[in-house]
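Here's the structure we're looking at; comments come further down.
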Amino acid sequence: MNPDRSYQEAHTDFSRSLSYGDYLALDTLLSAQRPLTSAHDETLFIVIHQVSELWMKLIVHELQSAMGLLAQEIIDPALKMLTRVVRAQEQMTNAWEVLKTMTPADYLEFRSAFGQASGFQSYQYRLVEFLLGNRNPFMMRPHQHRPEHHRLLEQALTSPSLYDLSLRILAQRGLGIPAEVLERDFAQPYTPTPQVLGAWLEVYRHTEAHWDLYYLAEKLIDVEDNFRRWRFNHLTTVERMIGYKRGSGGTAGVGYLKKALEVVLFPELWQVRTEL
Ligand code: HEM
């Protein structure tokens, strides 16, 4: 037996150098869980929300960088970033498995403490939706009291979405995207057109000629697929937690979330499957 004793050579004096905890600002991070009650499950509830917000932070970072590249028609490195978005979305979806260990009775022990607070007011979630193209100016309203978040959302609302930038590339490749689509009012929801469907059909029918666009299209489908999974798992968790009660944010609750399941981010990419 020759047990490894190399741990004894590990650095142990951090009085003059950066430690793990300092680098990661763990004092700040780990002091940000501040339950309002003594209910055992409130810590779980807070941690799952915070972990989800951290994943959203990474998703926004990757999406914005990918969009910057797509705006310059640089596709491959953007695809690498979108792959990371897809993986981060999976982590967010897996978080429901941990949260579901809480029962409605556990939840009721602390529910009244957080009043009208709701994920509906998550500016990062709304930013992800705006970047992906699900745009609704009403959703800016809960952020009026935080000008820096409001500005960030407004900027995203009025700029091309991930899909708009992808369609610009189709246009640059001569795939017949109408000017009205390229110069649309970005603050409004996207309306599908037969011409855009035709352009994607060309890509899917001649994949070899348009390999990078074909790959981009499938990556967008991955992102939307995962977004739907998150929404669906949220909905089911909400239903098992509060049934058909109103949400803390003031919406109908499950009814509102069911409606959101109908949102389609990249409509022609789904339609193209029927046409092929
Ligand atoms: C016990 C667990 C949860 C319950 C009962 C719940 C309930 C709800 C309800 C009822 C809504 C609709 C808006 C409202 O009226 O409040 C909502 C929205 C939302 N929740 Fe949750 N939620 C839970 C956990 C989470 C977690 C862990 C996250 C992660 C960040 C989250 C993020 C969101 C987001 C982003 C929205 C806005 C969705 C949209 O507008 O499409 N929720 N939630």
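For all residues, glycine too, the Cβ spot is worked out from N, Cα and C.
Annotations in TrEMBL come from automatic prediction, not curation.
Database features (TrEMBL):
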- Phe45, Ile46, Val47, Ile48, His49, Tyr107, Arg111: substrate binding site (BINDING)
- His234: heme binding site (BINDING)
With respect to ligand 1, which members of the binding-site residues Ile46, Val47, Ile48 satisfy a Cβ distance under 6 angstroms to one of its atoms?
Ile48
What is the number of other Cβ atoms found within 10 Å of the Cβ of Tyr107 (substrate binding site)?
18
Expressed to the nearest Å, what is the distance separating Arg111 (substrate binding site) and His234 (heme binding site) at their Cα atoms?
17
As a whole number of Å, the Cα atom of Ile48 (substrate binding site) is distant from the Cα atom of the residue listed as 'heme binding site' by 12
If we take the residues Phe45, Ile46, Val47, Ile48, His49, Tyr107, Arg111 that the record assigns to substrate, their largest CA-CA distance in Å comes out at 15
List the residues of the same chain that sit at least 6 positions away from His49 (substrate binding site) in sequence and have their Cβ under 8 Å from its Cβ, in sequence order, or write 'none'.
Gly119
Count of other CB atoms lying within 10 Å of the CB belonging to His234 (heme binding site)
20
Have a look around Val47 (substrate binding site) and count the other CB atoms within 10 A of its CB, chains all included.
15
